[in-house]
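What TrEMBL annotates here:
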{"type": "ACT_SITE", "residues": "Glu469", "note": "active site, proton acceptor"}
{"type": "BINDING", "residues": "Thr190, Gly229", "note": "FAD binding site"}
{"type": "DOMAIN", "residues": "186-294", "note": "domain 'Acyl-CoA oxidase/dehydrogenase middle'"}
{"type": "DOMAIN", "residues": "333-483", "note": "domain 'Acyl-CoA oxidase C-alpha1'"}
Amino acid sequence: MSENCALRRANVLANHILQSPPQPWNNSLAREACLQYTPPEVNESYGFQVKEMRKLLDGHNLEDRDWLYGIIIQSNLFNRKERGGGKVFVSPDYNETMEQQREISMKRIMYFLENGVFKGWLTETSPEAELKKFALYEVCGMYDYSLSAKLGVHFLLWGNAIKFFGTKRHHEKWLKDTEDYLVKGCFAMTELGHGSNVKGIETVTSYDPRTEEFVINTPCESAQKYWIGEAAIHANHAIVISQLEINETNQGIHVFIAQIRDQDGNICPNIHIADCGHKIGLNGVDTGRIWFDNLRIPRENLLNSVADVSPDGEYVSAIKNPDQRFGAFLAPLTSGRVTIASCAIYSAKVGLAVAIRYSLSRRAFSIVANGPEVLLLDYPSHQRRLLPLLAKTYAMSFAANDIKMMYVKRTPETNKEIHVVSMGLKALLTWHNMRTLQECREACGGQGLKTENRVGHLKGDYDVQTTFEGDNNVLMQQVSKALFAEYASCKKRNKPFKGLGLEHMNSPRPVLPTQLTSSTLRCSHFQSHQLSEDLSKAFAEKAILQAVLDAEAKLPAGSIKVNKVTVSHGQFLAQS
């Protein structure tokens, strides 16, 4: 490298740092604007009411959320740190080993238990109680998804299985003890050889009328229960999803309770448990594998709301059709999918908050020689990276709130619609979260690699959501299948469409005009009638769009509606 070239590069670097011509060496360096960081919110005027925007996006239970935030920041279990201005920050310690993460996650749960966080989570059934539970799950997920996932396994999977599949005797015996963590539960459905195809699982349970016991067996290696959260260490009971054989006749999938550890944590006889080991994320959850070798359980441990077996071995069910009976067993998974979808959106919000705040403090390049450098977010290319994702996240927030409301107000008539919509939104919102986190990581440059900025670890932790409680691609196929079936049924009976968000099909569809104007594209009536080649994606996106339109329609004219909702709506459409 020539001396002149080296001097020229040194001058470029000096000008970049100092934003001024080089000073004599005896002068001390002065801190220039581009080297000083002030959080954007300190001097920023928003032009809208922040509290009202938060109320709009969170949708419900703001006081309960703040109450849990307050409980979290009070304890050193959450790595409490005080920074300038008296602000308190909490975040997981990403330098902990897998074993330490598992231990601290359970300690945090016990801390929540002592502070009454879980009161009513299973024993209260009102819409208000369920909305509160959704809100607190979301707060836990914003802090650490391992914490939220452990609670999801215990309450949404184990607890809800007892609640929905069980009857009075099971509710009285298990629900309160589950809520108080006297019982620690897991949900053993997925196997090494079968995940999405639940009908094909190979675990077999037979009935012994002599002892009035069920006998559970893992007949082959592919039948081992796999990826079972809480099974490796903490769970002492398991919901076991198994084929039921009565008098050598297979009655299909049924649900059982099995004790897998005693109260001292020792694995019970006739059970083998192994650890699934370290994962790309979610290492605060002790994920394990389970084998059963002639494990005997009482007859009463069959959760019998759908079907039962009499003491002498007679199989009884009010649902005669095996396919309908199978569908009844899967219905409780809806609550888990609703929770996954809403937590995914809060993860996207965290990633966007980090990336956008960074783009409002980091500067790069100047327009003119020796001029001030430009904020990243002032570059149109950076805006195109982040703002459409921000707009979609706003839109999806409304959709997540809508599906929660649909769920807590569910009736037998709406269960099918909730099931289909929750599958579509679970897939679309979790895919959106992963795409958003990757773009946020890249938009932060090298800073996105630092664990304290969380974006990279959020990617690892939340990646599981795309296959959690249903592979997204399979779920979207099921959505399309349900929509085609509904279409065929209505046409065959010559009946109008009702439910599944298909009512717009009852009115004439507009023909695409020769010239598509901006006003045409932004017309809600026009948007609601358009379908893409991907039916399930179009269905889910229409549900999101409708949630935005409903939220906008309810708002009075004012700063929030003008500056935020309308912009989000337009950006969302442009991105779609």
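Yeah, the Cβs are placed from backbone N, Cα and C, and that goes for glycine too.
Each residue in the domain 'Acyl-CoA oxidase/dehydrogenase middle' (186-294) gets a DSSP state, and the totals come to 6 helix, 53 strand, 50 coil. Of all the recorded positions listed here (Gly229, Glu469), the one with the fewest other CB atoms within 10 A of its own CB is Glu469.
The distance from the Cα of Thr190 (FAD binding site) to the Cα of the residue listed as 'active site, proton acceptor' comes to 9 Å. Confidence over the domain 'Acyl-CoA oxidase C-alpha1' (333-483), given as mean pLDDT on the 0 to 100 scale, stands at 92.
Glu469 (active site, proton acceptor) and Gly229 (FAD binding site) are 12 Å apart (CA-CA, integer value).
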